[in-house]
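Enquirer: One structure is given below, represented as structure tokens, and several questions about it will come after.
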Amino acid sequence: MDLSELEKDNTGRCRLSSPVPAVCREEPCVLGVDEAGRGPVLGPMVYAICYCPQSRLTDLEALKVADSKTLSENERDRLFLKMEEDRDFVGWALDVLSPNLISTSMLGRVKYNLNSLSHDTASGLIQYALDQGVNVTQVFVDTVGLAETYQERLQKRFPDITVTVKAKADALYPVVSAASICAKVARDQAVKSWQFVEKVQDLDADYGSGYPNDPKTKAWLRKHVEPVFGFPQLVRFSWRTAQAILEKEAEGVTWEDSAAEEQEGSRKITSYFQSEGPQARPPHRYFQERGLESATAL
């Protein structure tokens with residue numbers, strides 16, 4: 001799998017896809033959706049779709065695709081290469097979401113939780129297939145959150161397509177198993193070949209599994225936390241595991257305030273702008289530097 005586009009810039013998101021087989025534009029197709037890397041504290045989350053004509057589903061099943069979690073890395077690689085050989089009737093597309101994008105979404109001023117990010121990414125990939133001319137008539141999705149709610153949302157977005165959302169769909173529907181394999185192969189390769197933009201001393205790639213409960217992963221995080229700037233962008237800094245290490249290993253931050261009384265007890269924010277009376281004080285340097293004054297009349 002060619003991830004050169006991701007390696008050029010792994011700070012945001014990257015979409016990759018195979019050519020669309022001609023038969024997939026002509027015949028009714030089934031499409032599966034799955035992801036890899038939802039839980040790890042390291043590396044991207046990869047969403048994938050895989051599709052083929054309904055008339056060729058038995059050919060896809062004959063490849064013996066299965067839930068990627070039940071397969072070895074060598075088996076996943078072999079099956080992905082086999083799907084690549086069958087490009088005359090099998091197509092796929094990926095959306096690779098960087099750790100940086102995941103964390104900034106979850107910790108932004110307007111919260112964008114992982115479930116919403118997952119749902120929107122899956123919807124975007126289905127729409128991408130349609131925009132590419134794939135004649136999608138059925139969609140099968142491995143659920144994130146409540147299956148009924150997720151299915152209702154997708155069915156509303158794609159009213160002309162029959163949508164099925166189920167837990168363990170990657171073990172129930174071969175087309176979802178195929179998507180699962182695509183996602184896992186891409187994530188594994190992305191983590192192995194991760195291009196670090198940071199100049200970290202004695203950087204090593206022995207991350208372990210990348211999951212929060214892996215002692216090797218925790219040891220790598222402790223080794224590579226920078227006291228001021230935190231972690232390399234391979235790390236999802238919004239994960240509790242990363243936050244706990246930051247709190248323990250990194251330098252603390254003290255926020256300056258121009259008035260000592262502001263640090264004592266709880267006060268209403270309107271008191272900050274009082275200009276008369278016993279609590280009067282000189283304006284903060286933020287206002288002085290910008291030549292700002294309190295408005296006394298409108």
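Glycine is treated like the rest: Cβ placed from N, Cα and C.
Sharing the feature lines straight out of TrEMBL:
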DOMAIN    28-251  domain 'RNase H type-2'
BINDING   Asp34, Glu35, Asp142  divalent metal cation binding site
REGION    253-298  region 'Disordered'
COMPBIAS  268-277  compositional bias 'Polar residues'
Enquirer: Is it possible to get the count of other C-beta atoms within 10 angstroms of the C-beta of Asp34 (divalent metal cation binding site)?
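Expert: Its Cβ has 28 other Cβ atoms within 10 Å.
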Enquirer: Just jot down the residues in the same chain as Asp142 (divalent metal cation binding site), at least 6 apart in sequence, with C-beta under 8 A of its C-beta; none if empty.
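Expert: Long-range Cβ contacts: Val33, Asp34, Glu35, Val165, Lys166, Ala167, Lys168, Ala169, Asp170, Val176, Ser180.
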Enquirer: Would you count the other CB atoms within 10 A of the CB of Glu35 (divalent metal cation binding site), including those on all shown protein chains?
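Expert: Within a 10 Å radius of the Cβ of Glu35 (divalent metal cation binding site) lie 24 other Cβ atoms.
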Enquirer: I need the neighbours of the divalent metal cation site defined by Asp34, Glu35, Asp142. Which other residues of that chain put their C-beta within 8 angstroms of the C-beta centroid, in sequence order?
Expert: Val33, Ala36, Tyr47, Ala48, Ala122, Val141, Val144, Ala169, Asp170, Val176, Ala179, Ser180, Ala183
